[in-house]
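Peer 1: The structure under discussion is supplied below as structure tokens; questions concerning it will follow.
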Amino acid sequence: MKPGNESSITDFILLGLFSDSRHPGLLVTIILFVLGVAITGNSVLALLVWRDAHLHTPMYFLLSQLSLMDLTLISTTVPKMVTDFFSGQSFISHIGCGAQLFLYLMLGVAECVLLTLMAFDRYLAICYPLRYPVIMTSRVCLQMAIGSWVGGMLISLMHTVYAMNFSTCDSREVHHFFCEVMALLKLSCEDTSTYEKAVLATGIVFLLIPFGLILTSYILIFLTVLHMNAPEGRNKALATCSSHLSVVSLYFGPAMIIYTTPGSSLPADVDQCLFVFDVIITPMLNPLIYSLRNKEVLEALRNILWRKLMFIVKR
């Protein structure tokens, strides 16, 4: 073994996406492109909300938090995977694996909570427009954001500590591109059936229940929109809600299949594809959906680019 290739007996080996690929070079190129688009899109959207006064509203503040979560989520998994591909090594330390697992679970739970709160925000704005400014104050928005992050941290910490304390057998090969909880459980020599039921219960609480609340909110919203007399207000409400529903479908769809399905029922390649969509593709699509279909975001982007251009010309 060459110097620098040694691994500790506590290290895990991430088999990743490229081990079974016929064209790993093309695949890593596509993933790098997706990473670049995701980082650029989410960073620009968060900066627009921060810089443009017209976007200083509860909806856009919560949207900026979603962008930060997506930015962190894709940065948790993809850079490590790409680095492993180019270095030819796929080791990850026990601490590194725990950190990756913690961040993934934290962001997953936080996004579930945040998307539910964003649906509630739209429900109040459209169904109770007069009471909306009184209810959705800056303080309430901040509490929503903090609650999403802290809630994700607490749930993730419990699962991470528990999952990382299972003893493993001789094989330390994780059949995944990052340290995912169910993939790690397959390495354990212990009976993990009880804990798998706990994961299923968590999936129901943080996926099925929020999804049900979101659907209920939008059913009430659509009923209210149908009774609107102004076509402009109706179209604006439908455009905003359709963007949010698209993001909800992208996120909740794969996640519900993964975490509300019995552990061994999904084929490994299907499981990997669902995670690729959930962890890599969705963070790229979210800012595109919200920006390309939102006139206020596009207008804020044009204003900032125009000011930058004028500044360069004057120099």
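Here the Cβ of each residue, glycine as well, is placed from N, Cα and C on the backbone.
Relevant sequence annotations retrieved from TrEMBL are reproduced here:
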{"type": "TRANSMEM", "residues": "26-48", "note": "transmembrane segment"}
{"type": "DOMAIN", "residues": "41-290", "note": "domain 'G-protein coupled receptors family 1 profile'"}
{"type": "TRANSMEM", "residues": "60-81", "note": "transmembrane segment"}
{"type": "TRANSMEM", "residues": "101-120", "note": "transmembrane segment"}
{"type": "TRANSMEM", "residues": "140-162", "note": "transmembrane segment"}
{"type": "TRANSMEM", "residues": "200-225", "note": "transmembrane segment"}
{"type": "TRANSMEM", "residues": "237-259", "note": "transmembrane segment"}
{"type": "TRANSMEM", "residues": "274-292", "note": "transmembrane segment"}
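So that I understand the layout, could you describe where these features sit and how close they are to other parts?
Peer 2: Within its own chain, the transmembrane segment (26-48) is flanked in space by residues 17-18, 55, 63-64, 67-68, 70-71, 74-75, 78-79, 81-82, 85-86, 280-281, 283-284, 286-288, 290-291, 297, 300-301, 304, which lie at least six positions past its ends and keep a Cβ under 8 Å from the stretch.
Residues belonging to the domain 'G-protein coupled receptors family 1 profile' (41-290) score a mean pLDDT of 89 in the model.
Remote same-chain residues near the transmembrane segment (140-162) are listed as 58, 61-62, 65, 98, 101-111, 113-114, 117, 181, 195, 198-199, 202, 206 (criterion: CB distance under 8 Å, separation of at least six residues from the stretch ends).
With a threshold of 8 Å between CB atoms, the same-chain residues lying at least 6 positions outside the transmembrane segment (200-225) that come near it are 108-109, 112-113, 115-116, 119-120, 122-123, 126-127, 155, 159, 234, 237-238, 241, 245, 248, 252, 255-256, 258-260, 262.
Long-range neighbours of the transmembrane segment (237-259) within the same chain, counting only residues 6 or more positions beyond its ends whose Cβ lies under 8 Å from a Cβ of the stretch, are 59, 66, 108, 111-112, 115, 118-119, 122, 126, 182, 199-200, 202-203, 207-208, 210-211, 214, 218, 221-222, 225, 228, 266, 271, 274-275, 277-278, 281-282, 285-286, 289-290, 293-294.
Taking Cβ pairs closer than 8 Å, the transmembrane segment (274-292) reaches residues 17, 31, 34-35, 37-38, 41-42, 44-45, 63, 66-67, 70-71, 73-74, 77-78, 104, 176-178, 180, 243, 246-247, 250-251, 254-255, 257-258, 266, 298, 301 in its own chain, all 6 or more past its ends.
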